[in-house]
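Q: First the structure, which I've put down as C-alpha cells, then a few questions once you've had a look.
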Amino acid sequence: MQPLFKRCGAEFFGTFWLVLGGCGSAVLAAGVPQVGIGYAGVALAFGLTVLTMAYAVGHISGGHFNPAVTVGLAASGRFGWRDVPPYIVAQVVGAIVAAATLASIAQGVAGFDLVASKFAANGYGDHSPGKYSMQAALICEIVLSAGFVFVILGATDKRAPAGFAPIPIGLALTLIHLISIPVTNTSVNPARSTGPALFVGGWALEQLWLFWLAPIAGALVGALAYRLVGTPSAQR
C-alpha cells in the first residue's frame, strides 16, 4: 500500500479531473450554439473522467474521487475508517481547486455571469433543471448513489474479471447522469457539489446539505445491499 500522502495526492488529482472535466463540459460546452454537447455529452464527460483517472491512479489510492464512495467502501469493509477523513479532505480540496480553475477559464469570455450561469451547481426546486422538488431530489440522489456504490463494489470484487473495473464504473456514472441531470444536475458526489457551490454562493450553499446527506446515505445503502447479495455465504 502506498503512503497516505501519496494516496491523498492521487485522490486530489482524480477529483480535480472529475470536476474540471465533468463540470467543465457542462459550463463551457453544453450550451454552445449549434455544436453544444447537451445532456448526453455532459453525462459522457463525467463517465470518462472517472474511467480515465481510475486507470491512471486507481492503483495508488483505489480511485474513489468521491466522499460517498469512500464512506461506502469503508462501510463494506474494503477501506479503513481511519483514512476516511484525509481522503475526504483531499477530494474536497481537489474539487474546489478544479472549480476555481474552471471559473477562471469561464470568465475569460465577455458577458459570462458565474452566478447567473449556475456554474453546474446542484439544486432542487427552482434550482433544479427540471424544477423537481426536494423530495424527488432526495430520493433520486439516494437511489442513484446506492446503485453507484453497488456497481463499484461488484466491479472491484476479487471474483470479477481483473483490470476492467473502471469501464463499468465509468459507464454507471454516465448512466446516472443521463437519468438525473434534469432532476438535480446530478451529484452522487459531495465533493463535486461543494466546488461549484462555493463559487455560486447563496442558494447553492443553502441546498448543499442535501448533496452531502443523500449521496452518503445512498452509499451506505449500496454497501449494505452488496454485503447481502455479494458476500459468499460462508463469510456472512
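Positions of Cβ are set from backbone N, Cα and C atoms, glycine also.
What Swiss-Prot records for 12-32, 37-57, 92-112, 136-156, 163-183, 197-217 is transmembrane segment, and it gives sequence analysis as the kind of evidence. Taken from Swiss-Prot, the feature site 'Involved in tetramerization or stability of the tetramer' applies to Cys23, supported by sequence analysis. As annotated by Swiss-Prot, site 'Selectivity filter' applies to Phe46, His177, Thr186, Arg192.
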Q: For each of His177, Arg192, count the other CB atoms within 10 A of its CB; which of these recorded sites has the top count?
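A: When each Cβ's neighbours within 10 Å are tallied, Arg192 tops the list.
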Q: Measure from the Cβ of Phe46 (site 'Selectivity filter') and count the other Cβ atoms within 10 Å, all protein chains considered.
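A: I count 27 other Cβ atoms within 10 Å of it.
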Q: With Cβ-Cβ distances below 8 Å as the criterion, list the same-chain residues six or more beyond the ends of the transmembrane segment (163-183) that contact it, or say none.
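A: 39-40, 42-44, 46-48, 50-52, 54-55, 58, 63, 124, 128-130, 132, 136-137, 140-141, 144, 147-148, 151-152, 154-156.
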Q: Who sits close to Cys23 (site 'Involved in tetramerization or stability of the tetramer'): which same-chain residues at least 6 apart have their Cβ under 8 Å from its Cβ?
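A: The answer is Ala98, Ala99, Leu102, Phe119, Ala120, Arg192, Gly195, Pro196.
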Q: Roughly how many angstrom lie between the C-alpha atoms of Thr186 (site 'Selectivity filter') and Phe46 (site 'Selectivity filter')?
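A: Their Cα atoms are separated by 10 Å.
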Q: C-alpha of Phe46 (site 'Selectivity filter') to C-alpha of His177 (site 'Selectivity filter'): distance in Å?
A: 8
